[in-house]
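Asker: What follows is a structure written as structure tokens; I'll ask about it next.
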2 protein chains.
Amino acid sequence: MFTINDNYLKLQGSYLFSNIAKKVAAFQERNPGAEIIRLGIGDVTQPLAPAIIEALHKAVDEMGNAATFHGYAPDKGYEFLRHAIVENDYKARGCEVYEDEIFVSDGAKCDCGNIQEIFGLNNKVAVCDPVYPVYVDSNVMAGRTGLYNPTNENYDGVIYMPCLSQNNFVPELPKEEPDLIYLCFPNNPTGAGISKENLQRFVDYARKIGAVILYDAAYEAYISDPDMPHSIYECEGARECAIELRSFSKNAGFTGVRLGYTVVPKDLKSSEGVKLNDLWARRHGTKYNGAPYIVQRAGEAVYSPEGKAQLKTQIDYYMKNAKTILQGLKDAGYTVYGGENAPYIWLKTPDSMNSWEFFDHLLSTVNIVGTPGSGFGAHGEGYFRLTAFGTYENTLKAIERITKM
Amino acid sequence: MFTINDNYLKLQGSYLFSNIAKKVAAFQERNPGAEIIRLGIGDVTQPLAPAIIEALHKAVDEMGNAATFHGYAPDKGYEFLRHAIVENDYKARGCEVYEDEIFVSDGAKCDCGNIQEIFGLNNKVAVCDPVYPVYVDSNVMAGRTGLYNPTNENYDGVIYMPCLSQNNFVPELPKEEPDLIYLCFPNNPTGAGISKENLQRFVDYARKIGAVILYDAAYEAYISDPDMPHSIYECEGARECAIELRSFSKNAGFTGVRLGYTVVPKDLKSSEGVKLNDLWARRHGTKYNGAPYIVQRAGEAVYSPEGKAQLKTQIDYYMKNAKTILQGLKDAGYTVYGGENAPYIWLKTPDSMNSWEFFDHLLSTVNIVGTPGSGFGAHGEGYFRLTAFGTYENTLKAIERITKM
């Protein structure tokens, strides 16, 4: 008789955003007239930039012609895309990253979820708290944690690094020694950035204790502070201890197009000398079959002069939203964080409401969807996330509604 | 200090097709003038059908317009695609399958590799021998097998079901009781089909012993025998014991477009009553983020009247290739199998050559790439796979070259 992977039974409820979607759908059904504004899930609203649309059409035409048709993609992604990535995301910032260290994929969520597979089950995982749920959930599903403890709202065996207003939402080095450290900056959900000095502190620590940092840089395009690192490879020694995960979802609006990549430097080796690059290549080759050709061409267009200019306008648009939310909430007396180097605003819930109470309050009173901070971890309780990814009109309207609430 | 997943170290060499690609590249470099014909990897060569190109262009235009832009897709895939799948692939064949049992993905290879995750590590896996390497390798990587045994070329702990000319390449029920049974019909690599009676025998057996069948039906579009089942759900009781994996790669030429789906019936439950549909939904929601909107629209076009007619022509084209290979090799004195309900031809290597010897011989003598049968398992030794996915011109040329060899 077959058995299931009972680690799945340790998981609490369903995936956070599926949960919210269900709650919102139920509310809409009860209130068909309500004009709901969604500032919850980090999904973009601006259409794809013209340079990307043009690249997609061109690639589609190639697929309709036998002479230019493309079947299975190369395991790590097309060279044209990996080349553009290395030149623009790394060389241009003085980082040493090579084309055969880039693994193109269908998005950072998949990579974030799958990357843990190449590590042993005995590795101790450290995460920020609050945190993007995929890091924790994927490790729970693999069996790298104990049971959920309802008292402290933690999974046994996971090291939680509190991110609080007191530490500007940048964690201290953990007291207990981890083997895998998940970091995401600019941060989802708090919107906090990290200084190069603070990131270097983590790199030095990881090298000292022999840990690997899994660095999620999905929001780097939103950095406005010129001194803030866009890549962990701006830090000395990171090639020996860090994997970087990148997304096209937020810098180019690819949430529905699906493209991302992971950097696994060849200098990153286990104590036995096994290269993590080889392991990830094996996983990629065996359990994945490449991002669509047309999507990889769209990715290439992100780095064209036209693409860059158009996407800068798009980022500016969202960051104008962020400023609008930040200022509007401040004026209305809220305590707010983030929103300066990230498309997320992290606010303290008012009147001692907990996060889900504020979610329900906001949805029922002014028909606005946000994300309860507690959905991201115990230290997210009493906080709430709003995103800058709505339209400007809706963002303005949302802030007006909240202000009058 | 972090540790790696050392199950990866049990794997033999690199992924079969990466291996072949490297060998061919090295040969081409040494022989820049050689005009190589590739009948190795199962990659298609015909361009996408006009109905699909049209759907792609239309969807691209939608993505360039704020009013019709699509961000994150629904977890299981868009309703329009799941509806078309249920109507055409199941209802039309009298199978009971519901829309919420369909999980749209970026391809069957990913699903084949990932599906084992929802099962416990103690499950005993049975595979055909020879077999598509992903089934075995993904279980090795998860730790569901022992070490590789070079004597019998098997992984310890895996149940191999020999597929030989004596049993028409349809395995007997295994002597040792498995928990998970991988079946693929029409078969890759042997090209064999399975009768409904034989498939029902496996369904009955799985229900009796409480096993799950993972049924890979990626090649169902190539079935010409009207009595052959296209889906395992044509068998009675399959909803209680079988997961079906489907691909758009071979029926619609989507190898470079990436689309597939998995059916997990709600009647399929563990002994504790846990629905596998819920587990796969959780995996899908947590570690995957949907197939691109434009690709799902392309998938929908596969089921339009124009799409169906155009794709029938495409399948006929490839099956004409299959006939050409089959007849040509027969005439040249080879012993050949498959090619009637599948795009693969499985031939006995001549002159007591082993599979890799014949690979080298064919590549160096007539510059043709095929796939060594032994790459699919110990019982593939002495066999060789050719695919019908080339162009008709190349297929003709290849057979001429082999005939004169």
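Each residue, glycine too, has its Cβ placed from N, Cα and C.
Unlike curated entries, TrEMBL annotations are predicted automatically.
So TrEMBL says this about it:
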type	residues	note
BINDING	A:TYR15, A:GLY42, A:LYS109, A:TYR132, A:ASN188, A:ASN289, A:ARG385	substrate binding site
DOMAIN	A:35-402	domain 'Aminotransferase class I/classII large'
BINDING	A:TYR72, A:ALA108, A:LYS109, A:TYR132, A:ASN188, A:TYR219, A:SER247, A:PHE248, A:SER249, A:ARG258, A:ASN289	pyridoxal 5'-phosphate binding site
MOD_RES	A:LYS250	N6-(pyridoxal phosphate)lysine
Asker: What is the nearest of the binding-site residues A:TYR15, A:TYR132, A:ARG385 to A:SER247 (pyridoxal 5'-phosphate binding site), using the Cα of each?
Answerer: A:TYR132
Asker: Could you state the whole-number distance in Å separating the C-alpha atoms of A:TYR72 (pyridoxal 5'-phosphate binding site) and A:ASN289 (substrate binding site)?
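Answerer: Given the Cα positions, A:TYR72 (pyridoxal 5'-phosphate binding site) is 7 Å from A:ASN289 (substrate binding site).
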Asker: Helix, strand or coil by DSSP: which one applies to A:LYS109 (substrate binding site)?
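Answerer: DSSP assigns A:LYS109 (substrate binding site) to helix.
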Asker: What does the structure give for the C-alpha distance between A:SER249 (pyridoxal 5'-phosphate binding site) and A:ASN289 (substrate binding site)? Integer Å is fine.
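Answerer: Cα to Cα, A:SER249 (pyridoxal 5'-phosphate binding site) and A:ASN289 (substrate binding site) are separated by 20 Å.
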Asker: Helix, strand or coil by DSSP: which one applies to A:LYS250 (N6-(pyridoxal phosphate)lysine)?
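Answerer: Looking at the DSSP assignment, A:LYS250 (N6-(pyridoxal phosphate)lysine) belongs to neither helix nor strand, so coil.
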Asker: With every protein chain in view, what's the tally of Cβ atoms within 10 Å of the Cβ of A:ARG385 (substrate binding site), excluding that atom itself?
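Answerer: Result for A:ARG385 (substrate binding site): 26 neighbouring Cβ atoms inside 10 Å.
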Asker: Just name the binding-site residues among A:LYS109, A:TYR132, A:ASN289 whose Cβ comes within less than 8 Å of a chain B Cβ; none is a fine answer.
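Answerer: Contact set vs B: A:LYS109, A:ASN289.
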Asker: Please give the substrate site's span as the largest CA-CA distance among A:TYR15, A:GLY42, A:LYS109, A:TYR132, A:ASN188, A:ASN289, A:ARG385, to the nearest whole angstrom.
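Answerer: Answer in Å: the longest Cα-Cα distance is 35.
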Asker: For A:ASN188 (substrate binding site), what is the tally of other C-beta atoms lying within 10 angstroms of its C-beta?
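Answerer: Excluding its own Cβ, A:ASN188 (substrate binding site) sees 26 Cβ atoms within 10 Å.
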Asker: Can you grab the distance from A:GLY42 (substrate binding site) over to the residue listed as 'N6-(pyridoxal phosphate)lysine'? Cα atoms, rounded to a whole Å.
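Answerer: Here the two Cα atoms are 8 Å apart.
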Asker: Give me the CA-CA distance between A:LYS109 (substrate binding site) and A:LYS250 (N6-(pyridoxal phosphate)lysine), in Å, as a whole number.
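Answerer: Here the two Cα atoms are 12 Å apart.
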Asker: When you measure from the Cβ of A:ASN289 (substrate binding site), which residues in the chain that are at least 6 apart have a Cβ under 8 Å away?
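Answerer: In sequence order, the residues whose Cβ lies under 8 Å from that of A:ASN289 (substrate binding site) (at least 6 apart) are A:TYR72, A:ALA73.
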Asker: Roughly how wide, in whole Å, is the group A:TYR72, A:ALA108, A:LYS109, A:TYR132, A:ASN188, A:TYR219, A:SER247, A:PHE248, A:SER249, A:ARG258, A:ASN289 that binds pyridoxal 5'-phosphate, by largest Cα to Cα distance?
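Answerer: That value is 34 Å for the farthest Cα pair.
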Asker: Given A:ARG385 (substrate binding site) and A:LYS250 (N6-(pyridoxal phosphate)lysine), what distance in Å do their CA atoms have, once rounded to a whole number?
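Answerer: For A:ARG385 (substrate binding site) versus A:LYS250 (N6-(pyridoxal phosphate)lysine), the Cα atoms are 16 Å apart.
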Asker: Quick one: of the binding-site residues A:TYR15, A:TYR132, A:ASN188, which has its CA closest to the CA of A:LYS250 (N6-(pyridoxal phosphate)lysine)?
Answerer: A:ASN188
Asker: Quick one: average pLDDT across the domain 'Aminotransferase class I/classII large' (A:35-402), no decimals.
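Answerer: Within the domain 'Aminotransferase class I/classII large' (A:35-402), the model's average pLDDT equals 97.
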